[in-house]
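Swiss-Prot annotations:
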BINDING   LEU117, GLY121, HIS122, LEU123, GLU241, SER349, PRO350, PHE351  (6S)-5,6,7,8-tetrahydrofolate binding site
SITE      HIS225  site 'Plays an important role in substrate specificity'
MOD_RES   LYS226  N6-(pyridoxal phosphate)lysine
Amino acid sequence: MSILETFDPAVAEAIRHETERQEYNLELIASENFVSEAVMEAQGSVLTNKYAEGYPGKRYYGGCHHVDVVENLAIERAKELFGADHANVQPHSGSQANMAVYFSVLKPGDTILGMNLSHGGHLTHGSPVNFSGRFFNVVPYGVSQETETIDFNEVERLALEHKPKLIVVGASAYPRVLDFAAFRAIADKVGALVMVDMAHIAGLVAAGLHPSPVPYAEFVTTTTHKTLRGPRGGMILCREEFAKTLNSNIFPGIQGGPLMHVIAAKAVAFKEALAPEFKLYQEQIVKNARTLADELMKRGFRLVSGGTDNHLMLVNLTGTELTGKVAEEALDKAGITVNKNTVPFETRSPFVTSGFRIGTPAATSHGLKEAEMVEVAAFIAEALANVGNEAKLAEVKGKVNALMGRFPLYASRLK
């Protein structure tokens, strides 16, 4: 028995069950991924014990020479990975990364232009229930009702009318390529700054499979998990002229001591992302997403914008008897994890929704490829054709578990 199993069997049991879920269920939540053993080893290290307020070479605590090495490695690797002037690897999350940028260049009441949450944006891009919507005057933009892609005519019209100080680009449920050059051109017409939140597509950007926002934006924020396949955390890239202000708005502005064990895990993940194999992995994520999207559409599912260019897709259930909530629950019983999601021009509550979101990063980390995506589409269709049929859903779960058993990832942790 492990030390944890001996001392706290309740926690140990929960961890084991979650390991089994990640090993044998099909994880299709677009914002989730599975890290490498090296990343987990770094995150579970003694660095969790060390306080290190400040920045490398300028700490408020002694004994930081080793963690300085780790943070500098993370910074330099991040800059190399994305071609950035400056990187701050201390944000605990993507939300805090966004907050730090806002506080660096905005005052309460300033106007920002951000993507409507129900059209695919993110809470921190100006949702009224989030700090971003409470502190700032938010003008939301969205997608065209015809194409379900970003309506740049609307973005330009709103920018000219409201003269935002900052235009926020990025999304949590947008399956198409983001045109950073178009946003930059609009921002320049009104003298606005640009912040790109590339949390969902950072891995694709690092691999050159999605245009980089770095040349077009004063600030680029991201999480370090999702497609980047690192630990749960955040990061900010910016132009050198904003580096000092940005750093001070992370610490002491909105955070105290950085999480050095997480920064170590970020450093390891960035090294992985700099390796040639990472591009092949990202290419497979996109191939899997496109195959799955095509197969779902063949089976009669409607996808927002008619497909995907990246790692995710949004299934629109409008006009069917299903809701996103019902679909999520049925698929969960079939061993397939997705999340209910609002769709553009949503008519239902965000607790119910008319759609669900699917992503391929975690399944790709397991080793699934195009052939398996054909099977996955069949599993999804079978489960959603049998909502309420517990026996049939259990049968589908058996097929899912058998499929995932062919692609072990953390099996050694279950011995």
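Backbone N, Cα and C define each Cβ position, glycine as well.
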Quiz prompt | LEU123 ((6S)-5,6,7,8-tetrahydrofolate binding site): tally of other CB atoms within 10 A of its CB | solution = 16
Quiz item: What's the CA to CA span in angstrom from GLY121 ((6S)-5,6,7,8-tetrahydrofolate binding site) over to LYS226 (N6-(pyridoxal phosphate)lysine)?
Solution: 16
Quiz prompt | Between LYS226 (N6-(pyridoxal phosphate)lysine) and LEU117 ((6S)-5,6,7,8-tetrahydrofolate binding site): CA-CA distance (Å) | solution = 19
Quiz item: Across the listed (6S)-5,6,7,8-tetrahydrofolate-binding residues, LEU117, GLY121, HIS122, LEU123, GLU241, SER349, PRO350, PHE351, what is the farthest Cα to Cα distance, given in whole Å?
Solution: 43
Self-check item: Alpha-carbon distance [HIS225 (site 'Plays an important role in substrate specificity'); GLU241 ((6S)-5,6,7,8-tetrahydrofolate binding site)] in Å
Solution: 27
Quiz item: Of all the binding-site residues given, GLY121, PRO350, which has the fewest Cβ neighbours within 10 Å once its own Cβ is left out?
Solution: PRO350
Exercise. For HIS122 ((6S)-5,6,7,8-tetrahydrofolate binding site), list the number of other Cβ atoms lying within 10 Å of its Cβ atom.
Key: 24
Self-check item: For HIS225 (site 'Plays an important role in substrate specificity'): intrachain residues, at least 6 apart, with Cβ closer than 8 Å
Solution: SER31, GLU32, ASN33, VAL35, PRO231, ARG232, GLY233
Quiz item: Tell me, how many other CB atoms lie within 10 A of the CB of LEU117 ((6S)-5,6,7,8-tetrahydrofolate binding site), whichever protein chain they belong to?
Solution: 25
Practice problem: Ten-angstrom check, please: count other Cβ atoms within 10 Å of the Cβ of LYS226 (N6-(pyridoxal phosphate)lysine), all chains counted. | Solution: 28
